[in-house]
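So that you can see what the record holds, here are the features copied from TrEMBL:
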type     : residues                   : note
TRANSMEM : 56-73                      : transmembrane segment
BINDING  : V67, N71, S306, L405, S409 : Na(+) binding site
TRANSMEM : 135-157                    : transmembrane segment
DISULFID : C169-C177                  : disulfide bond
TRANSMEM : 222-241                    : transmembrane segment
TRANSMEM : 253-276                    : transmembrane segment
TRANSMEM : 296-319                    : transmembrane segment
TRANSMEM : 331-353                    : transmembrane segment
TRANSMEM : 393-421                    : transmembrane segment
TRANSMEM : 428-449                    : transmembrane segment
TRANSMEM : 455-483                    : transmembrane segment
TRANSMEM : 503-526                    : transmembrane segment
TRANSMEM : 546-566                    : transmembrane segment
Amino acid sequence: MNSNLEKLTQKQINLLQAEEGTSTKQSILYAKDNVSISDVTSSESGTIRDKWGNEIEFLFSCIALSVGLGNVWRFPFIALANGGGAFVIPYVIVLLLIGRPVYYMEVILGQFSSRGCVKAFGMVPLMKGIAYGQVYSTAVATTYYASIMALTIKYLISSFADILPWTYCRPEWGAQCIATSEAVPQTTNETLSKHVSSAELFFTKSVLREADSLEEGLGWPSWDLVFCLMAAWTLIAIILIKGIRSSGKASYFLALFPYVVMFVLLWRALTLPGALDGIVYFLKPQWDQLLNPQVWYNAITQMFFSLAICFGTLVMYASFNNFRKNVYRDVIIITSVDSVTSILAGCIIFGILGNLAYETNTSDISKVVKGGAGLAFISYPEAIAKFKHLPQVFAVLFFLMLLVLGMGSNVGMASCVITVIKDRFTFLSHWMLAIAMAVVGFVCGLVYMTPGGQFILNLVDFFGCSFIALFLAIAELMTIAWIYGVKRLCQDIEFMLGVKTGLYWRICWALITPGLMFAVLVYTLITLEPLTYNGVGYPVSVYNVAWILWAIGVAQLPLWAIHAIYKQRGSSFMEKFQNSLKPCRNWGPADPKLYQEYLVFRNNLPEADALPREHPPSLWSRFCNNIFH
């Protein structure tokens, strides 16, 4: 017998020998999974896969991936616009019903299979296009994420100047400019329409050289930003040069350093006059907002993208774990840390913006608030300029924190893309792939360094990343929960971790999570309107390119489904199709010894259906069996 079967019982070996050579070649071991004897004996002998240096590296790498720029500038204003402190209630509920269940599911999938996100879909070959679409979306996201890092590097370098360059007006900006270092009278609608702060003009005129629209094209890249983009990708390549052996070591700094800066900034914020008013403004509940469906929609989308679920990166990171690692504890820690960090960042941001309102004699804090990129590169630098002591030090700390947060997320996304290529072309060395990724990312990122770059970034973020991810996330959840099956997933968890999966996880995976995500998709489609940037629309040709960008990602699902059906064994299309819905021949733990143990474990499981064959189970029985076993 093949050496892969050494640990099977003698009875099982006799059964296999009896089956060998028959026309069906069906293994008694895998009769319930439709895997042939040739399948059983062909478990991935595969190449030796890298592992984390120790268990803490996985934890820190996931924290560095999930805790990113969205926690610092997106969450505070999403919360403020959707009920302030009351927004925390739907946010926590969504964490429990979507964020944590999906996070746990993806980590389990990666650790169980020890494969990247594409090969992990060997559980259902028909749906492998989901993973390819996610990798495509992740690759697109790395390009604009690096461009934000380039802006951060630009500001970081500028923070070392004797006088912060966004604190004073330049002659070319005209009389509309008000220097942030000067006191501003009580704000009125008239003054708002006539005057612009030097911080905003520095960002739009000096750094971005921002165009009014795309009617005259993108323009040429700013060379100072090009060099900053090159520096960003160089840092990413250095961290990735040795795979997880280098990125795992870097995770200690990438995960911990931002918290050092956050607590320094929190201490500074709490000592500023007006800071408490800003924090109260941020956390003050608006209970009537809890009945607004838009609030729940924003809570779901914020949680979804904050945790980086359904992008393939978590599956990739978990694939480097030891097979028996207790990831349940890590999932609870990571998802909790991510949510607490968002609230902490909100207190810091609005504490300092409260001080800015105090310094500018503005009673309404919303008047000094600019969301999105405006928070990081306009409102916050403007607030730092008001510091009476060592504004340069706090500017350096803030932008260094932003750079590290962006680095942690981008390293994870780039690693996902590299791992997929490495799994397919094992002869390629990791350092070559890291350099190639950096070069391609740099070239693609040049478009964001042009005067029209922020227009393109806005489109790419939605059509090339968020909108694609939403479609594919629903497909992933339905694939794992109802094609592969919650029941089998729980059996895999029991084999790997030796624990039974609770009812909470099973109901979330099967019903609540995919149901809520589908509701988000429907709401998005109903409320979808043409995108604008700063109130300016896009030329039709540019908008059409954006839809093509989206179509390429979503089209991966049907294209790879056709490929999977074509590759299956069978004499008819229907037989090929049915086989493509079953796990591939070597599905299971990648380690040969564990794979043998898994086969024995599967063989010893009770039969799925208690009813006799002449009375096949009803749809309701199958439904209940999948969820409640």
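Cβ coordinates are placed from backbone N, Cα and C, and glycine is handled just like the others.
Just so you know, TrEMBL annotations are computer predictions that nobody has curated.
Within 10 Å of the C-beta atom of S306 (Na(+) binding site) sit 24 other C-beta atoms, taking all shown protein chains into account. Counting only the Cα atoms, the space from C177 (disulfide bond) to N71 (Na(+) binding site) is about 31 angstrom. Apart from the site residues V67, N71, S306, L405, S409, the chain places the Cβ of L65, S66, G68, L69, G70, V72, D338, T341, G408 no farther than 8 Å from the centroid of the site's Cβ atoms, the recorded Na(+) location. S409 (Na(+) binding site) counts 25 other C-beta atoms within 10 Å of its own C-beta, drawing on all protein chains shown. Listed in sequence order, the residues of the same chain lying 6 or more apart from C169 (disulfide bond) and placing their CB within less than 8 Å of its CB are C177, I178, A179, S198, L201. Tertiary neighbourhood of the transmembrane segment (428-449): same-chain residues 142-144, 146-147, 150, 218, 221-222, 225-226, 229-230, 233-234, 236-237, 240-243, 414, 417-418, 421-422, 456-457, selected by CB-CB distance under 8 Å and a gap of 6+ residues from either end. Tallying C-beta pairs under 8 angstroms between the transmembrane segment (546-566) and each of 135-157, 222-241, 331-353, 393-421 places 135-157 first. Counting Cβ pairs under 8 Å to the transmembrane segment (135-157), the top-ranked stretch among 222-241, 296-319, 331-353, 503-526 is 222-241. Each of the recorded positions V67, C177 was ranked by the number of other C-beta atoms within 10 Å, and first place falls to V67. Spatially, the transmembrane segment (222-241) is adjacent to the transmembrane segment (393-421); three or more Cβ-Cβ distances between them are under 8 Å for residues at least 6 apart in sequence. Within the same chain, residues at least 6 positions away in sequence whose Cβ sits under 8 Å from that of L405 (Na(+) binding site) are V67, G68, L69, N71, V72, P258.
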